[in-house]
Amino acid sequence: MIEEKLMSEFPCDKPVLVTCGLPYANGSAHIGHLRTYIPADMFVRTLRMMGQETVFVCGSDAHGTPIIVNAEEQKISPRQLVDKYHVQFDSIFKKCGVIFDRYGNTDDPTNHARTKSIVSELQKNGYVYPKEIKVAYCPQCQRGLPDRYVEGVCPYCSSIARGDECDIGCQRHLEPGEILDPKCKVCGSKAEVRTQEHFFFKLSEFGDFLQEYLNTLHATPNAVNYAMEWAKELKDWCITRNLEWGVKYPGHEDLVVYVWVDAPIGYIAFTEEYAKAAGKNWEDLWKGDSRIIHFIGGDIIYHHCIFWPAMLKGAGYTLPWGVVASGMIKVNDKKFSKSRGYIVWVEDDYLAHGFHPDLLRYYILSYTSHTKDINFSWTEFQTKINKELVGSYGNFVNRVLTFIDSKGIDVKGTIDPKISSAIKTAIDMVKTEIGNYEFKKICDSIITLSDVGNTYFQSHEPWKLIKENPAACENVLFNCIQIVKALAILSEPTVPEKAKEIWGMLGYDPATLASARIDDALVPYENRPRPKPSILFTKLEDKKIAEMTKIMDERVKAAEAKLNGKKAEEELEPQLPPITIDDFAKMELRVGKVIASEKIKGSKKLLKNLIDLGEDKPRQIVSGIAEVYTPEEMVGKTVIVIANLKPTKIMGVESNGMILAADSNGATLLTVEKPSEPGTKVR
């Protein structure tokens with residue numbers, strides 16, 4: 001069913017709006033950000049090349065507790081912090097060829113006004129109600145502790161969690177007051193629990209709607225499958241926070257709207273700002289018959305496939321037509337991590353060292369399918385670029401244009417049926433796979449076309465043919481330059497600056513390439529004055545890659561030293577109060593043996609395990625260790641289980657216990673030194 005939905009064709013007669021998940025204005029841009037924005041930019045460029053009316057908007061996410069905490073640490077205002085990173089992101093995107101029709105800011109007046117309007121509409125339609133809830137409060141700091149101001153224990157899976165999300169364990173969204181054993185993140189003190197009135201959105205009333213909606217959503221399978229699981233157990237959603245920074249809740253100046261309400265509303269506000277500047281009507285996209293497509297990271301599927309469509313439905317806006325969720329990025333086969341040094345900063349680690357943005361665009365787009373994880377290492381980057389862009393694509397363009405220039409040939413002729421067929425195959429691949437969000441297949445088709453060109457050039461040996469049969473040689477070169485023209489057009493969405501260089505070397509105005517249409521790749525090249533060709537790509541040398549690898553290695557070592565120092569401090573100061581032997585005796589620890597294990601659909605972290613505890617039948621226990629252990633590795637392992645933990649549901653799957661693991665550089669299962677029978681008590 002998903003495959004049928006993804007085969008929907010472009011262009012269509014409806015306007016298309018493409019958005020990207022908003023970068024959080026709390027730190028600099030890294031390549032993990034580009035995993036979303038570069039594919040979205042390629043998608044937009046391709047649609048336009050196919051004649052599709054398309055608008056492309058994004059902006060900085062300016063609200064939420066992390067920004068307030070960071071601003072306090074730097075002794076500046078939240079707006080000053082946001083402005084600093086807003087400018088950085090805007091600059092990085094432009095340098096990398098990600099060109100939005102509008103790049104806005106959720107703290108700007110348009111978003112404040114649109115957010116208040118939508119919240120008021122939800123209230124008017126009966127989807128919002130007040131409720132007194134228990135919230136964390138720090139008596140030491142004398143402040144409320146919303147969201148990431150507080151840390152504690154997840155009530156569902158017992159993992160360490162932050163106030164609004166169990167990001168380490170079961171990945172659930174947590175409502176204010178749900179977290180157990182809350183502690184202030186600012187001073188480390190134990191938090192008090194106080195009662196306060198907040199406002200809730202009736203998300204629980206949208207269950208049937210969401211189930212039906214998700215079945216019609218033109219989304220990547222990872223987005224739909226993940227959201228389907230969550231749609232089965234909806235709870236009403238607290239949409240206010242007691243903060244000073246943010247969009248004020250209508251009629252209650254002491255509260256602000258939760259950041260995950262006003263952030264996606266930014267998509268609408270940015271469209272309004274674009275439309276005003278362009279003399280268009282924003283309602284054609286947000287209240288008319290349009291196709292709205294969100295490009296997001298895999299970590300914010302819940303918000304875009306559950307919260308957001310329910311809000312839009314409740315307020316009477318057009319629903320998203322598609323959600324495109326990317327895989328993550330690993331660095332050196334390690335989980336992307338700032339604290340552990342496995343990170344690549346776009347400006348400091350890439351652009352500042354002279355690497356062309358198009359190389360990174362190509363690597364991200366061509367490495368693997370969009371929903372799968374990318375691994376970035378400097379050696380893999382070097383190998384892929386040198387083999388494909390330098391060795392095939394760039395080599396073909398250079399040898400053809402250099403040969404023609406050196407011989408002073410006027411290229412004229414007719415297109416060889418084999419060449420027109422190869423070009424048409426590449427065109428058809430673009431037209432088919434863009435609707436499937438299969439950007440790698442499109443990149444592969446471009447390299448295949450350049451390989452066809454290299455083979456054609458080499459097999460016809462124009463350096464000999466020019467002496468033996470000049471007319472035949474001219475026709476061969478005409479077909480070669482036709483492929484070069486096709487490559488420039490078809491690769492513009494992937495490597496826009498390099499494609500423009502080719503376009504200029506063909507004698508066209510580089511600025512006109514963006515207005516070329518995909519079928520122009522088959523329009524015969526008309527001979528024209530051409531400038532002297534220049535080298536398109538240069539080989540990435542071992543010395544340069546070794547230099548970049550050294551920078552990465554040193555960063556990882558420094559991060560490890562810092563983490564080890566922090567661990568030592570934590571060991572000197574126990575974080576939890578001492579317990580009595582009676583407290584410990586309340587836990588029933590038993591030896592278990594894993595007899596079956598499988599991944600939970602829609603989750604990257606969770607495994608569903610069947611554990612033999614010496615009982616009549618095995619226990620089903622959910623564990624958050626899928627990033628460290630595969631299901632195959634789990635089967636047969638002896639583990640330690642808390643057997644009397646209250647049953648709970650995690651992503652709709654019942655869990656009857658907890659498998660114990662040590663958390664150091666990834667979870668490590670606890671086991672016994674000598675063989676023990678399943679069910680043996682641990683004392």
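Cβ atoms here come from the backbone N, Cα and C positions, even for glycine.
Matching 110-114, 240-244, 335-339, 570-574 against Swiss-Prot, the residues noted as motif ''KMSKS' region' span 335-339. Spacing of Cys166 (Zn(2+) binding site) relative to Lys338 (ATP binding site) is 19 Å (Cα to Cα, whole number). DSSP states for the motif ''KMSKS' region' (335-339), grouped as helix (H, G, I), strand (E, B) and coil, give 0 helix, 2 strand, 3 coil. Same-chain residues with CB within 8 A of the center of the Cys154, Cys157, Cys166, Cys170 CB atoms, the Zn(2+) site residues themselves not counted, are Pro155, Tyr156, Ser158, Ser159, Ala161, Ile168, Gly169, Gln171, Arg172, Gly624, Ile650.
Panel annotation: around the motif ''HIGH' region' (23-33), residues 58, 60-62, 64, 66-67, 70, 81-82, 84-86, 88-89, 92, 105, 297, 328-329, 336, 338, 343-348, 350, 360, 364, 376 of the same chain, lying at least six beyond its termini, place a Cβ under 8 Å from a Cβ of the stretch. Neighbour density at the Cβ, taken as the number of other Cβ atoms within 10 Å, is lowest among the binding-site residues Cys157, Cys170 for Cys157. Between the CA atoms of Lys338 (ATP binding site) and Cys170 (Zn(2+) binding site) there is a gap of 22 Å.
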